[in-house]
Amino acid sequence: MYLRSCSHHLPGTLLLQATWRNLSACHAEGPGGEEEDEEADWIEGFAILLSVICVVLVTAFNDWSKEKQFRGLQSRIESEQKFTVIRHGECKQVLVAELVVGDIAQIKYGDLLPADGLLIQGHDLKVDESSLTGESDHVKKSLTEDPMLLSGTHVMEGSGRMVITAVGINSQTGIILTLLGVGDDQPEKKQKNSGDMTPGHSKESAPKPRKVSGNQVEDEESAQKHTSHPKEKSVLQAKLTRLALQIGKAGLAMSVITVLVLIVFFLVQTFAIEKRAWTVECTPIYIQHMVKFFIIGVTILVVAVPEGLPLAVTISLAYSVKQMMKDNNLVRHLDACETMGNATAICSDKTGTLTMNRMTVVQIFIGSAHYKVVPTPEMIRPTILSYLLEGIAVNCSYTSTILPPEKEGGLPRQIGNKTECALLGLLLELNQNFEAVRARITEETLHKVYTFNSDRKSMSTVVKKPNGSFRLYSKGASEILLKKCTRILDASGHSGPFSKKDRENVINNVIEPMASEGLRTIGLTFKEFPAAYSEPNWDNEDEIFKDLTCIAIVGIEDPVRPEVPDAIRKCQKAGIVVRMITGDNINTARAIATKCGILKQGEASVCMEGHDFNRLIRGPDGEIKQELMDRVWPTLCVLARSSPADKYNLVTGIINSNITEQRQVVAVTGDGTNDGPALKKADVGFAMGIAGTDVAKEASDIIITDDNFSSIVKAVMWGRNVYDSISKFLQFQLTVNVVAVVVAFTGACVTQNSPLKAVQMLWVNLIMDTFASLALATEKPTEALLLRKPYGRNKPLISRTMLKNILFHAIYQMVVVFSLVFAGEKFFDIENARNVPMNYPPTEHYTIVFNTFVMMQIFNEVNARKIHGERNVFSGIFSNTIFCFISVGTLVVQVIIVQLGGKPFSCTKLSLEQWLWSIFFGLGTLIWGQVIVFFPNRYLWFLPTFGDRPPKEDMIQEQEMYEEIDYGELEMRRISQASWCRGVNRVQTQYKVVNTFRTPPYEVHRSASNKTI
């Protein structure tokens, strides 16, 4: 780390070389030199050497601490990857790293498989194997056809169980990692595991792509090549890179001019005015002067080059990421933290994000009666109760259940899907035992399961009766299921006709009143299939899901989180439009949006359903038109009965719109597998940490660990705080840059010697780069950040207010410094140091100049905490302990340097009066800052702004980087497909191993079957 920091620190390297030459030259004897001076000449060079080492070590320590934080974040992400397995007859969540061969794993919709396995039970299971085969079509898995499940693939539909047959480097993902040379540190082990790896795919030649499906692959790659992620080149970093280059070029020009001026003055003074001749004996002395001039020039370059800019960005982002973890935001992509500060729109889910996701059935329509409260069991016919009990017990995931409260008097614990838990809770309230039904009809005996997806909007289960007949139970969106119902259970428990008029009455008198109260309406239906010669074609869903019989319609309450209305109100004040996208009924969505404050009376807010949205944004040819989208999205606040495709289209339309002055920056929340495209498309994708699937988390930038909308608001605050922290540091550093460079240049030109010596400039550089970045980049966000509109992508880094502060503070500091340099000896009645020789001992004159200059920086650091013209610069100062510690620590070290530093720091002891004057001039910056605030910006219209947009060449490089990474992904896909053939052999071997370990009864049954045939 130290060597790397040195190699990236060019000015420091030049200074080290110059110092070494200075030390070497000090050993040479020159005529007329005093013995005491010659013995002390090495001290300055040695002090510079120590200073450079100190600067580099501090930078290296900051880099190391940053890497440690990122590795800790990566470890946390990996440690939170868990998978459900069945051990000792109980479902347990275990870490992915603890999975072993032989585990029975529960798989469900949205899972990312961490190991290879053999399917032993499945319902409507479809898997996305595109990461391995390149084929985008979902592969249907069953016990009879293609039962192998491979790591790194996504479960897109259905559920089931598998027995794990390979983990780690022996799994399909492990094989690919081995081909890529990732995952094992021992070359011999890699070669052994890679098998018949072809020469063209050796470790050295294999590309390392940015992203591979599968948490294990992506985590390994991101850990080793984190900086190559294309999204890491953010807008802020591009702006800072351009600004740093501009400042660096200016500093280089000033340092070159300074060295040339010093050399010319020395040559003219020595050989033209004093008429000295160049002798061999004087050559070491002349060389020593040249080296000192070079050191002064390089020191100016060190001070001018804003090395602290990338450090400040890194520290600010790393600090923000660490603090955001405490605010339930797990940041996966570092640039998302900054981008979130510019968000102009948030497209949020409803369930679990805006609501508590603690669902309870509060109303029910059953037996042709609408109950505003859950009735007692005696009020419902036993026949209807039996249908209700079995329909809910078997048509809910068997992983969803209700457990007793952990503490006496607490609420029962809901495990699994919250909607299903609400239905199971209804059975318990009606004194029905669903566990007994599940014990009688086990999950393995279910004949067919149609899992929930965004197209069906329902879940259905087929149960085979002892007489050979079948019964289908369905639950889902009430109005959708009612359209498929032709019969209904009446008050007597008998099935009666259900006409279109009856359906409209139920919708108008039951569903809409429930939805208007913010209740989620769920329909419960069934259908009988009598015993017949041939079994129904279960794949013909149009025939299966018609002529249903309605059992009941329930209204489920999911209360709005108490903190959500206030959080949405803060977003609206901050100029962020919050939109709700949900699959619920439009009336339910409207009621919840009103409670949250998304919809307000008197505002032009639109609430529409997904099919209306699609009709409005598509042209006659059925294609989405941006001009049509631009008519819809500005007033759209609630999108109900929407699909993931609707969410993706809305996000894409907002981002691509040009009707606003600034491009919209969109944040999206999602929890389902099909939300992946929208999460990827959004500027910032938020995945739900509790309800979110692995696929959604993988596609996201930030994971909300508590599924709470208020955590998104905290992310906005931290994002804006990052931008402000960088601006604060810029304001402080550029003020120091301007003053230090001008003072050093002017002093060198006028007095042929810089008032600020090399070691002193290095100390100033340490203050303004490393310490200031730590102090100003670790400010905590405040509610005031939400009282302004988003900056936008083209907001200049240095605003007119900041430039006013920089210039006016620089003027004050230069007036004070030049007054002390050219009149300080008269004011303090001390010796004049302007015309003393270069090797003259330290003087009180220039020590006062140095001390005053540092005092002004310490107090100006307080001014730099405010960049928007605020008057109270001390507001919240004690909440930032790092700032206070660094400010006090810098003051203490400055006292030590001045009073005890001596010749190494070119300082001499100062009296109490001289210290008080230095502090007084430093305090003057605070008073001067208040004067600057009174000066209105409208009189400074001529001042330019800087850093308003990233340079075009950066955009081109970023685009090229995307293209390169895309090629890497294509190469990865090619290698994955090539490894598929090798993996098949291994899969077949694993399949044989499973067969070998089958129990004897299976073998006996197989033998008997063969004999019969």
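Each residue, glycine too, has its Cβ placed from N, Cα and C.
Automatic prediction, not curation, is the source of TrEMBL annotations.
For reference, TrEMBL has these:
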type	residues	note
DOMAIN	81-179	domain 'P-type ATPase A'
DOMAIN	754-932	domain 'Cation-transporting P-type ATPase C-terminal'
DOMAIN	979-1010	domain 'Plasma membrane calcium transporting P-type ATPase C-terminal'
REGION	186-233	region 'Disordered'
TRANSMEM	252-273	transmembrane segment
TRANSMEM	293-319	transmembrane segment
TRANSMEM	729-748	transmembrane segment
TRANSMEM	806-824	transmembrane segment
TRANSMEM	844-862	transmembrane segment
TRANSMEM	882-902	transmembrane segment
TRANSMEM	914-935	transmembrane segment
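Outside the transmembrane segment (806-824), and at least 6 residues removed from its termini, the chain residues within Cβ reach (under 8 Å) are 731, 734-735, 738-739, 742-743, 746-747, 751, 755, 798, 830, 834, 845, 848-849, 852-853, 856, 860, 863, 921, 924-925, 928-929, 932, 935, 943. Same-chain residues lying 6+ beyond the ends of the transmembrane segment (914-935) with a Cβ under 8 Å from its Cβ atoms: 804-805, 808-809, 812-813, 816, 828, 844, 848, 851-852, 855-856, 858-860, 862-863, 869-871, 873. Cβ atoms under 8 Å from those of the transmembrane segment (882-902) belong to residues 763, 767, 771, 774-776, 778-779, 842, 847, 850-851, 854-855, 858, 861-862, 865, 908-910 of the same chain, restricted to positions at least 6 beyond its ends.
If you average pLDDT over the domain 'P-type ATPase A' (81-179) in this model, you get 84.
Across the range of the domain 'P-type ATPase A' (81-179), the DSSP-based residue counts are 18 helix, 49 strand, 32 coil.
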